[in-house]
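K.L.:
Mind having a look at this structure? Questions to follow.
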Amino acid sequence: MRVIRSRRLGFLALAVVGLSVVAGGWRILASDRVGPAGDPAAPVPVTTLARAEMHEVVETLAVTGTLAAREEVLVGAEVDGLRLVSFDVDVGDHVTAGQVLARLDHAQLDTQLAQSDASIAKAEAAAQQAQASIDEAEASAIQSQASLERTQALRTNGNASAEQLLARQTEVKVAAARIASARETARSALADKALAQAQRDDVALRIARSEIKAPVAGVVSERQARIGAVVGMSSAPLFRLIRDGEVEFRAEVTETGMPRVAIGQPVELQLTGFARPVRGTVRLVDPTVDPTSRLGRVAVTLPAEPGLRPGVFAEGTIETGRRRALTVPLSAVFFSADGAYVQAVHDAVVDRRPVETGFVGDGRVEIRRGLAEGEAVVLRAGSFLRSGDRIAPAQPPVAAADKAG
């Protein structure tokens, strides 16, 4: 099935007029030998005909724009006050998620980590000592309670004095106080250990962040800063990555063309430096139009091909629709100030027929009104023939398949 790719180009009508004049000039010379119209004795011009046929018509919208990263990822330092000591990648390198891109000096952090480890060990020892004190105090409390119970029994029998009973009661209270104190000391030691552990975790995290890693897979598009620079979380990004290396086409479309564009439509682009076209698909249609430029933005997904670089200029077409339509060869339509017309032929007699045209492309014109499928028309319309003229067909009407062959 033959597909006609069409564009609405006003200047194409002028080109057709030029072609018609040239063809008409040749025909006028040939018809100098022809007598007046309607004279059966006069020779008739030999004329090539074509038929009105159904073809698949493709409507396209011309666009221009540039290539850009589909998603740009900024990578910066996540720790303050460290000096940049090395870069592990350069612009253009492909990186994986988690790959080290640059390294920061963490010698001071290593010292802080060692101090935190020492604080943890000290707090752990204090907690163990406090637990031992608790165990000792609890054992003493058990003995004191047993002694108090014996003294109370002896006092009942009159074998212990009131002073002895009071002393045993005091010993029990002292043992309970020792237990409470030991437990408080243990809680304090455990709190010190938890604080030291938190400080260590913070230092360890800062050390881990001294390695600048790629958060996603992609391509390095920009590298900033210099070796020796002190960086921080408020500093400019150290790297820019094109996520997954995906580059897309960002087109600017006029506000009149925006309603014709939809997600999923095929796009064909011509890129600077590319010998062959690159094909893509509309991914996003901006819901707004810039009030100043009157342009809207359309994003087009492109295949992963080498050489597709952000910033490259491109132009192409968006296929905004396709359908079956009645068409004739472009040369069969004559465009004048009064409109377009064709020279239909019935029983070898010319009939000047006004027509309403539509899409134009691939050497054919859509006829929306004025012709029926299968009707014959003069292949090269022009002023050398008038309504009522008789002609002699050069051959059976030319079909699109015959012309393609």
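Just so it is clear, glycine is given a Cβ too, placed from its N, Cα and C backbone atoms.
Heads up, TrEMBL stuff is auto-annotated, nobody curated it.
These came from TrEMBL, pasted as-is:
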| type | residues | note |
| --- | --- | --- |
| DOMAIN | 72-232 | domain 'Multidrug resistance protein MdtA-like barrel-sandwich hybrid' |
| COILED | 113-140 | coiled coil |
| DOMAIN | 250-319 | domain 'CusB-like beta-barrel' |
| DOMAIN | 325-391 | domain 'YknX-like C-terminal permuted SH3-like' |
K.L.:
Give, as a single whole number between 0 and 100, the mean pLDDT over the domain 'Multidrug resistance protein MdtA-like barrel-sandwich hybrid' (72-232).
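P.N.:
A mean pLDDT of 89 is what the model gives the domain 'Multidrug resistance protein MdtA-like barrel-sandwich hybrid' (72-232).
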K.L.:
Kindly report the helix/strand/coil residue split of the domain 'CusB-like beta-barrel' (250-319) according to DSSP, in that order.
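P.N.:
So the domain 'CusB-like beta-barrel' (250-319) is made up of 3 helix, 37 strand, 30 coil.
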K.L.:
I'd like the per-state residue tally for the domain 'YknX-like C-terminal permuted SH3-like' (325-391) from DSSP, helix first, then strand, then coil.
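P.N.:
Its residues divide into 3 helix, 39 strand, 25 coil.
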